[in-house]
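J.: Pulled these features from Swiss-Prot for this protein:
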SIGNAL    1-21  signal peptide
BINDING   35, 46, 119, 326, 339  FAD binding site
CARBOHYD  92  N-linked glycosylation site
CARBOHYD  170  N-linked glycosylation site
CARBOHYD  231  N-linked glycosylation site
């Protein structure tokens with residue numbers, strides 16, 4: 001098979017960037033991944049992988065079995081778990097089960113995955129090691145498709161055939177080649193906390209409520225408080241919680257969308273006061289309270305979405321840039337599908353590149369980019385809208401949740 005004349009340059013070692021790199025590498029197409037952070041960076045929280053996302057990845061990797069993915073990424077993999085979630089919604093002020101999906105089917109369709117473990121698993125799914133270069137923060141790109149150069153803040157310069165923008169919601173590449181495409185800040189409050197428990201404490205305090213589910217979703221009167229397993233061993237459990245709600249008005253003390261990174265790690269007094277007034281049920285009240293917060297790592301997350309028109313994507317392609325992941329379809333984390341579409345982006349882009357490189361003729365990469373966007377643009381942009389709508393629906397008033405629960409009971 002003929003190879004492209006120059007290397008594909010992938011900016012960002014997240015899910016979409018590593019998926020693209022792994023599949024190109026497995027097909028013999030040279031590529032380099034550049035990552036601004038250090039190798040020890042951590043994003044150890046868990047995400048939900050849906051069948052449409054992981055099945056495409058497993059197929060592209062040579063029809064690997066689902067069990068291989070589960071053994072590598074499930075938060076409870078070290079104790080023989082499968083990353084299973086019950087997909088139930090509970091009233092976080094009473095503990096009452098509001099929405100309970102039919103669990104009579106034996107097939108598991110959603111898999112919780114630890115993000116760190118997922119990145120490692122993707123990177124390891126091949127005989128040849130990926131070329132990932134850390135400490136490379138992008139400064140600019142220059143050139144056109146087939147001949148483009150990436151310039152980094154450490155003065156390094158790399159020439160390639162195509163730049164894959166896998167650099168996230170605040171994409172440096174997007175801000176340069178498409179300065180008019182800016183992330184849209186969603187009027188939502190979202191705080192994320194991380195903490196640890198011994199297995200004994202977990203089995204005593206959380207397991208009676210969650211069963212074997214890797215996430216315990218609590219919904220309240222316009223706010224949510226999910227508890228999620230990030231990683232579990234025989235002796236220790238790493239967990240996180242989220243507190244999210246819509247903005248109440250212009251004077252909302254917790255709506256701070258443009259916080260500096262250091263301030264985003266501080267616990268504001270308004271959050272402590274608000275959590276104390278929620279009157280939560282067990283197990284949520286044990287962890288989302290002023291005293292417990294003192295021992296948790298707490299982060300303020302700003303929810304941003306990115307929309308991109310087909311014309312925008314095409315113009316970037318003419319400059320040698322193609323987008324994957326959050327750089328062009330960022331969506332809410334809770335209730336979102338971002339990780340799944342990041343996987344699909346990597347699968348579909350790599351497939352498009354492999355097909356055109358193997359075919360005769362010129363303008364290989366221009367054709368690959370056009371082919372990729374022909375399917376990926378509509379899929380991903382619809383997902384952004386769908387996920388944003390779902391986020392607001394998941395933060396509905398308590399009266400609506402109770403109405404839904406009553407209708408479910410009558411339908412049985």
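Just so you know, glycine gets a Cβ as well, placed from its N, Cα and C.
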J.: According to DSSP, which kind of secondary structure is residue 92 (N-linked glycosylation site) found in, if we only use helix, strand and coil?
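T.: Assignment for residue 92 (N-linked glycosylation site) reads coil.
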J.: Given residue 339 (FAD binding site) and residue 170 (N-linked glycosylation site), what distance in Å do their CA atoms have, once rounded to a whole number?
T.: 16
J.: Between residue 170 (N-linked glycosylation site) and residue 46 (FAD binding site), what is the CA-CA distance rounded to a whole number of Å?
T.: 21
J.: Rounded to a whole angstrom, what is the C-alpha distance between residue 231 (N-linked glycosylation site) and residue 326 (FAD binding site)?
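T.: For residue 231 (N-linked glycosylation site) versus residue 326 (FAD binding site), the Cα atoms are 24 Å apart.
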J.: Round to a whole number and give the Cα-to-Cα distance in Å for the pair residue 46 (FAD binding site) and residue 92 (N-linked glycosylation site).
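T.: Cα of residue 46 (FAD binding site) to Cα of residue 92 (N-linked glycosylation site) measures 21 Å after rounding.
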J.: Of 35, 326, the binding-site residues given in the record, which has the fewest other CB atoms within 10 A of its CB?
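T.: Counting other Cβ atoms within 10 Å of each of the binding-site residues 35, 326, the minimum falls on 35.
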J.: Between residue 326 (FAD binding site) and residue 92 (N-linked glycosylation site), what C-alpha distance do you get in Å?
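T.: The Cα atom of residue 326 (FAD binding site) is 31 Å away from the Cα atom of residue 92 (N-linked glycosylation site).
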J.: For residue 46 (FAD binding site), just give me the three-state DSSP call.
T.: strand
J.: Which one of these glycosylation sites has the most other Cβ atoms within 10 Å of its own Cβ: 92, 170, 231?
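T.: Going through 92, 170, 231 one by one, the largest Cβ count within 10 Å is at 92.
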J.: How many whole Å apart are the CA atoms of residue 92 (N-linked glycosylation site) and residue 119 (FAD binding site)?
T.: 32
